[in-house]
Amino acid sequence: CGETCLFIPCIFSVVGCSCSSKVCYRNFLDMN
């Protein structure tokens, strides 16, 4: 993760990343 999602969706959304504040972050809620 860590790529921008200002103009395009998160590239690594398939591995649990989501857009937050224009930057892709790993979704820790799905890692429990």
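Glycine is treated like the rest: Cβ placed from N, Cα and C.
Feature list (source: TrEMBL):
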| type | residues | note |
| --- | --- | --- |
| DISULFID | Cys1-Cys17 | disulfide bond |
| DISULFID | Cys5-Cys19 | disulfide bond |
| DISULFID | Cys10-Cys24 | disulfide bond |
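A map of TrEMBL features onto the structure.
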residue : record         : Cβ within 10 Å
Cys1    : disulfide bond : 18
Cys5    : disulfide bond : 19
Cys10   : disulfide bond : 21
Cys17   : disulfide bond : 21
Cys19   : disulfide bond : 17
Cys24   : disulfide bond : 21
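Cα of Cys5 (disulfide bond) to Cα of Cys17 (disulfide bond): a distance of 11 Å. Cα spacing between Cys1 (disulfide bond) and Cys24 (disulfide bond): 6 Å, rounded to the nearest whole number. Note: the CA-CA distance between Cys10 (disulfide bond) and Cys17 (disulfide bond) rounds to 7 Å. DSSP classifies Cys17 (disulfide bond) as strand under the three-state reduction.
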